[in-house]
Structures are given as structure tokens and as C-alpha cells.
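The topological domain 'Periplasmic' annotation in Swiss-Prot covers 1-5, 52-60. Per Swiss-Prot, transmembrane segment is recorded for 6-26, 31-51, 61-81, 85-105. Annotation comment: Swiss-Prot describes 27-30 as topological domain 'Cytoplasmic', evidence class sequence analysis.
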Amino acid sequence: MIKTTLLFFATALCEIIGCFLPWLWLKRNASIWLLLPAGISLALFVWLLTLHPAASGRVYAAYGGVYVCTALMWLRVVDGVKLTLYDWTGALIALCGMLIIVAGWGRT
């Protein structure tokens, strides 16, 4: 389960970076060249999703819980926004959902 969770976090980071770089280009007039690493990051994101041994819908559902947590870490570290009790509570609930789904992978 730890390996799966770490893989999900790596996957989420690739997705967030792949979306953040075009956002910088569009919103902050950054270089159009940011689209190249963004595309690579998104391709890596898709490839990482294929490494899980479950049906794609289950992988996407479980991944969503980790994505929420990773996005909140990004909010804190990159955007510099302090997390609220609601952020922490939502992240905990999302992570619990992911753990429940992953725990059932070998039982179906």
C-alpha cells in the first residue's frame, strides 16, 4: 500500500506540474517554452497511471484522494497559502477513501 500511495503522489505531482506550467504561460505571460516540459510532465502522468494493477476506473477513483492531498501541499508550498482546518479535514477524508479503495484491489 505504501508503494501505491507513493506512486499516486508522484503521479499527482506530474499532473499538477503539467497543468501549472501552461497556467504560468497563460496567466503570468511566462515563456511559451513552458509548454514543452508541461507536455512531458502530462505524458509521464498518464504513463504512471498505467502502472497500477487495477481497473482504470478504480485507479482514477483512488488517485483522486491522493490528488486532493498533493494539491493542498502545492497550495501551501508553491502558492504560500496557509491550510485551514477544512483543508486538513477534507484531505484526511479523501485519503481515507483512497485507502479503502486500494485495500479492496486484491479482493475483487
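Using N, Cα and C of the backbone, Cβ positions are placed for all residues, glycine too.
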With Cβ-Cβ distances below 8 Å as the criterion, list the same-chain residues six or more beyond the ends of the topological domain 'Periplasmic' (1-5) that contact it, or say none.
52, 62, 66, 98-99, 102-103
Overall pLDDT of the topological domain 'Cytoplasmic' (27-30), taken as the mean:
97
Quick test of the contact rule: Cβ under 8 Å, at least six residues beyond the ends. What residues does that give for the topological domain 'Periplasmic' (52-60)?
4, 7, 101, 105
State the non-local partners of the transmembrane segment (6-26) in its own chain: residues 6+ outside its ends, Cβ under 8 Å from one of its Cβ atoms.
32, 34-35, 37-42, 44-45, 48-49, 51-52, 62-63, 66-67, 69-71, 74, 78, 98
Report, as numbers and ranges, every residue of the chain located at least six residues beyond the topological domain 'Cytoplasmic' (27-30) whose Cβ falls under 8 Å of a Cβ in that stretch; write 'none' if there are none.
21
